[in-house]
Amino acid sequence: MEITARKIANIPAHKTSCAIVTIAKSRKLSEAAKAIDSAQSGLISAALKHGEISGNAGETLMLHGAADAASARILLVGVGSSAKFDAATARKTSTAIVKALRAGKCKEACLHGTGLGSSDYSLGQFCELLSRDLSLASYVYSETVSKPRPALPLRKLVVNGGDELTVREANKFLNRGQYVGDGMNIARRLGDLPGNICTPTFLASEARQLAKSSAKLSTRILEEKDMLKLGMGALLSVSAGSDQPAKLIQMQYKGAASTQKPYVLVGKGITFDSGGISLKPGAKMDEMKYDMCGAASVFGTLTAIIAMELPINVVALVAASENLPNGRATKPGDVVTSMSGQTIEILNTDAEGRLVLCDTLTYAERFKPAAVVDIATLTGACIVALGSQASAMYSNNDKLAEQLNSAGEISYDRVWRMPLWEEYQRQINTPFADIANVGGPAAGSITAACFLARFTEKYHWAHLDIAGSAWNSAPKGATGRPVAMLTRYLMDRAGIK
Ligand code: BES
Ligand code: MN
Ligand code: ZN
């Protein structure tokens, strides 16, 4: 899809199959709306007069222009009261535009942006959001279906920023939105692929593939024998019951001098989580193919920052394994030794995410990170606590927590900070090892984070539990979250406004 900015001086004369204009709650017409209205004998004023649209954010109305008019159709889009245009209103507006363009089967359209944006949320930011949403709307899962559903028909969108936004600025935001959207689609594809295709070995080959696309990216795959040498007894206890070998995938993005400390992203990559010997019940077990969405978000974020050529260093680590039961599988009550030296009593083999993560987090120390962020579909309890609106965020550093929070707000890919209080730690004490891998039914997302906290004391660290935000159950599909938030966080670190 081609999305570009253009300065359009003579709006009513601009030929388009669908002109998009905003309608504010005040019902005062924008310059563009006024121009089209008078060229098309008061078409827009008439719709307003009849109360067909009132200007609330999220409302749309498709009008059909006169046969000889340059704008064949006019899409009116409610944007609420212009002074209060914020991230939430922008989200509603952008979603509504994409929906209307899909319903109208538009192949081409032109958005007149005047009247969009406020001191809170700029027209540029809106351009980024809309372009991201359009990328997302063009995602179609096709790999294992004979007749994939039709893609969004839109081929071309022109954005006229009027006097508010130069063509250059608008294009900057539009491109950025596409990069983030593309990154999210990478994450969605990996998430949606079935477990028999998307195995740890498959993820490793995807990493090598990605490295081919950029001279700044290098890949190293640690095999089980390498992990054994490093003493990764926790990670290997998860892959013990599977015929598919575990892979620790390391991707290094060098966008800055090697003296610059890297930001490390760690993704949970359980390509299928059956629960292991602590087998899960059958209902919805298919959705455990999504248990590698943390890893998928790392791939997506890397793709976006490669496209943006961010001037920072990033190390991505993906802990990839299946969690299956067989005769060699880890059993409840088994004790293993992690790379950190801490022993772990595995009371429930279904709490496997923290086991693959803890060794990967210890491994992360060698990169002397500026900060480490892990992303994991870690607990069902996280869904109980926050639903799908927010990813749970935990951190041992207030500044890092605030940076992630603000990145989440701006990108509208939000996180909510949860407590890591010392008092929760006792839930994972056990007489038989240094630490137990489960902490009982209370505060399940928190005790999982407390487990990880015992492996991350040497650096600034945050953990994102994305169990509720990474995929939807109806209709089923990966969301690509939290790629937008992570990309924004890294853009902020690179000083990109
Ligand atoms: N991958 C699951 C968490 C999960 C479950 C995410 C359902 C999304 C939907 C994780 O490995 C797991 O099984 N966690 C257990 C932990 C428990 C045994 C302490 C859970 O949440 O039930
Ligand atoms: Mn599990
Ligand atoms: Zn899991």
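Just so it is clear, glycine is given a Cβ too, placed from its N, Cα and C backbone atoms.
Of the listed candidates (Asp273, Asp286, Asp413), TrEMBL assigns Asp273 to the same Mn(2+) 1 site as Asp350, Glu352.
Here TrEMBL has Lys268, Asp273, Glu352 binding Mn(2+) 2, and the candidate from Asp291, Asp359 in that same listed site is Asp291. Among the recorded positions Lys268, Asp291, Asp350, Arg354, the ones whose Cβ sits under 6 Å from an atom of ligand 2 are, in sequence order, Asp350. Taking a Cβ distance under 6 Å to any atom of ligand 3 as the criterion, the recorded positions Lys268, Asp273, Lys280, Asp291, Asp350 reduce to Asp273, Asp291. With a 10 A radius on its CB, Asp291 (Mn(2+) 2 binding site) counts 28 other CB atoms from all the protein chains. Summary of the Mn(2+) 1 site environment: with the site residues Asp273, Asp350, Glu352 set aside, the chain residues having Cβ atoms within 8 Å of the Cβ mean position are Val238, Ile270, Ser274, Gly275, Gly276, Ser278, Lys280, Met288, Asp291, Asn323, Thr349, Ala351, Gly353. The secondary structure of Lys268 (Mn(2+) 2 binding site), as reduced to three states from DSSP, is extended strand. Neighbours of Lys268 (Mn(2+) 2 binding site) among the recorded positions Lys280, Asp350, Arg354, defined as a Cα within 10 Å of its Cα, are Arg354. Mapped onto three states, the DSSP output places Lys280 (active site) in coil.
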